[in-house]
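**Q** Taken from TrEMBL, the feature active site covers 547. Per TrEMBL, N-acyl-D-mannosamine binding site is recorded for 507, 519, 547, 596, 599, 618. The Zn(2+) binding site annotation in TrEMBL covers 599, 609, 611, 616. Taken from TrEMBL, the feature domain 'UDP-N-acetylglucosamine 2-epimerase' applies to 68-405.
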């Protein structure tokens with residue numbers, strides 16, 4: 001659209017945005033673009049008495065501007081059924097030409113009949129639409145007949161304007177309303193909440209008009225001083241204003257049996273309350289036939305206090321509810337239109353459970369006893385509440401007509417949905433401007449425990465490192481303490497924590513957030529539920545996975561594996577771990593033991609491994625293995641060379657071995673070469689088994705092994721896999737970043 005949609009203020013419906021559509025030159029341009037001032041052909045489809053009350057004001061507005069519009073009227077549904085009052089006659093009485101009458105209702109008033117009625121409408125509508133060839137089809141609300149109209153128009157490439165989309169009520173109506181929304185090209189909504197719902201449903205904001213309810217244009221201008229004649233006509237000469245009840249109750253199609261029982265209790269309560277009552281027959285939904293049977297069983301049609309009618313013209317109905325002592329039932333009219341008069345309303349059951357209501361509405365959602373309903377009548381009857389303008393200010397039709405004139409028929413017909421952004425650029429949403437969406441990442445390694453705040457872009461905003469305690473109790477206590485401190489720090493740093501991701505050594509069940517068991521690197525770390533205590537403490541969702549898997553996830557989201565379908569990550573640290581990405585997904589294995597690459601056996605008579613086996617890669621190439629060999633050299637006084645020194649209390653580590661090798665210690669260099677060769681043989685096995693497109697070496701030892709690994713591949717691997725690239729990760733904290741990625745990918749619904 002070339003124009004910006006007007007939206008009224010929630011309370012006053014007016015304000016500085018009233019400039020909408022006041023630029024006449026733009027409007028003329030659009031009219032010219034649509035074809036030499038060709039009139040817009042608008043088809044209005046009306047299905048029942050209720051939707052006509054909303055559509056009629058728009059139809060009058062269109063008819064009043066013949067220089068801009070041509071109006072076609074299609075009547076279908078219960079309008080054409082005698083049992084429901086033949087309400088098409090009120091359309092004729094309003095002096096509208098009905099272009100087409102479609103008998104689409106299959107009688108039966110049950111679920112199957114509703115489905116068959118939709119099918120019959122779908123069969124008949126194409127011929128009508130082919131004949132009329134409208135530019136715009138106007139559809140109202142949430143009825144099954146309206147769904148048939150919208151479906152036909154959408155499939156026949158006719159633009160659809162949906163009235164009252166985005167609202168929430170109850171039963172199947174919600175699903176039908178939202179289905180029509182997805183078919184519609186333009187939307188006229190009545191409240192700001194409804195507008196926000198439409199935006200949340202990914203509808204284009206520029207095609208949404210917040211206009212108010214069209215029926216309010218008539219409600220708020222209704223000044224019929226002769227309302228007494230209307231009251232006497234429908235309720236009797238002896239009835240006074242505010243001394244009668246209007247009852248309108250429909251079946252709830254998702255729980256027909258309960259809604260019939262509730263209707264029976266309502267009639268019993270009304271009989272006991274002993275006030276004159278105008279009761280309208282229910283609509284044509286499944287269950288209505290049983291409700292009529294209940295009315296007849298109770299003798300309502302012949303009871304002196306009741307006037308049972310199939311239909312009341314809308315102009316007269318307005319006066320009746322405006323001067324009633326109370327309205328009772330589950331009609332949307334009760335919670336929407338009646339608020340304009342401040343008439344007390346009793347809303348029964350769940351049919352309108354999500355509607356916005358004024359203070360005049362008393363909800364009896366669990367209307368399972370006559371006494372509850374009777375008590376509600378005693379509380380509400382005869383009160384007068386402030387008039388509510390939640391649903392409109394009386395100026396909806398002028399806004400809708402201007403909206404129609406702004407429609408550019410040269411625009412592509414195909415709808416565009418405004419899905420939330422999934423790119424890495426900063427969103428313009430206010431939450432993203434004011435806060436940095438982040439994850440709390442925990443890395444529990446064999447030596448250290450680290451907790452960090454990690455942003456959506458993979459930036460480590462804040463990090464804290466502590467030694468990993470030796471006992472379960474101390475470890476859990478420290479994890480919780482560090483997480484709580486980090487969460488508090490996040491607030492100061494203006495970071496919004498979306499969840500907690502935990503990278504830990506050991507075999508992990510990520511579905512349950514449980515560490516099944518660990519190697520000797522992390523003691524007392526078997527059958528540990530990590531998710532529950534952290535989630536309970538921080539009130540955040542928690543994800544847990546193995547550290548090697550987390551390294552692979554980090555590469556997939558932030559590193560050199562981004563965009564690759566298949567790759568393998570090997571992480572070198574205190575132990576040796578790994579992760580496998582196959583067809584863009586992380587492989588866990590049937591018992592969560594996949595990618596335990598550190599425990600691939602590369603020698604039958606190799607050194608003992610912490611897993612209990614011997615000859616594993618970890619027994620050769622891990623930081624723990626290098627430390628073991630460094631201690632042996634040191635004990636034999638063969639470690640230190642010129643340029644090295646150690647304090648007496650200093651612990652021998654892998655770092656000393658690497659330093660010695662760099663300074664020319666031949667024995668240290670030989671140990672490193674053997675370790676790199678063991679790792680290289682493991683990579684060869686991986687290439688032969690998985691045939692990935694890339695192998696990423698990660699961790700503090702990766703740069704020391706990379707050249708040796710490549711040499712082993714050239715010497716030992718099959719020719720067909722020798723071209724597979726092996727690289728060193730450029731990520732500084734792969735375990736932390738991988739832990740964060742579990743949170744960020746899930747909570748922002750990103751697919752990499």
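From the backbone N, Cα and C atoms, a Cβ is placed for every residue, glycine too.
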**Q** Which residues, in sequence order, are found in the same chain with Cβ within 8 Å of the centroid defined by the Cβ atoms of 507, 519, 547, 596, 599, 618 at the N-acyl-D-mannosamine site, excluding those residues themselves?
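**A** Leaving out the recorded residues gives 505, 506, 546, 548, 575, 576, 577, 598, 611.
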**Q** If you compare CA-to-CA distances from residue 599 (N-acyl-D-mannosamine binding site) to each of the recorded positions 547, 611, 616, which comes out shortest?
**A** 616
**Q** Here are some binding-site residues: 609, 611, 616. Which one has the most Cβ atoms within 10 Å of its Cβ?
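**A** Neighbour-count leader: 616.
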**Q** Of all the binding-site residues given, 507, 599, which has the fewest Cβ neighbours within 10 Å once its own Cβ is left out?
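**A** Among the binding-site residues 507, 599, the lowest count of other Cβ atoms within 10 Å belongs to 507.
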**Q** Give me the CA-CA distance between residue 611 (Zn(2+) binding site) and residue 618 (N-acyl-D-mannosamine binding site), in Å, as a whole number.
**A** 9
**Q** Taking the mean position of the Cβ atoms of 599, 609, 611, 616 as the Zn(2+) site, which residues outside that list, in the same chain, have a Cβ no more than 8 Å away, listed in sequence order?
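**A** For the Zn(2+) site the neighbour list reads 519, 598, 601, 610, 612, 613, 614, 617, 618, 619.
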**Q** If the N-acyl-D-mannosamine binders are 507, 519, 547, 596, 599, 618 per the record, what's the largest distance between their Cα atoms, in Å?
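**A** The N-acyl-D-mannosamine-binding residues span at most 15 Å between Cα atoms.
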**Q** To see if you understand the setup: which same-chain residues, six or more apart in sequence, place their Cβ under 8 Å from that of residue 547 (active site)?
**A** 443, 444, 445, 503, 504, 505, 571, 577, 735, 738
**Q** Nearest to residue 616 (Zn(2+) binding site) by Cα, among 507, 519, 596 (binding-site residues)?
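**A** Nearest listed residue in space: 596.
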**Q** Including all protein chains displayed, how many Cβ atoms other than that of residue 519 (N-acyl-D-mannosamine binding site) lie within 10 Å of its Cβ?
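**A** Within a 10 Å radius of the Cβ of residue 519 (N-acyl-D-mannosamine binding site) lie 21 other Cβ atoms.
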**Q** Between residue 519 (N-acyl-D-mannosamine binding site) and residue 609 (Zn(2+) binding site), what C-alpha distance do you get in Å?
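**A** So the Cα of residue 609 (Zn(2+) binding site) lies 10 Å away from that of residue 519 (N-acyl-D-mannosamine binding site).
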**Q** When you measure from the Cβ of residue 596 (N-acyl-D-mannosamine binding site), how many other Cβ atoms are you left with inside 10 Å?
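**A** Taking all protein chains shown, residue 596 (N-acyl-D-mannosamine binding site) has 19 Cβ neighbours within 10 Å.
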**Q** In whole Å, how far does the CA atom of residue 618 (N-acyl-D-mannosamine binding site) lie from that of residue 609 (Zn(2+) binding site)?
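**A** Taking the Cα atoms only, residue 618 (N-acyl-D-mannosamine binding site) lies 7 Å from residue 609 (Zn(2+) binding site).
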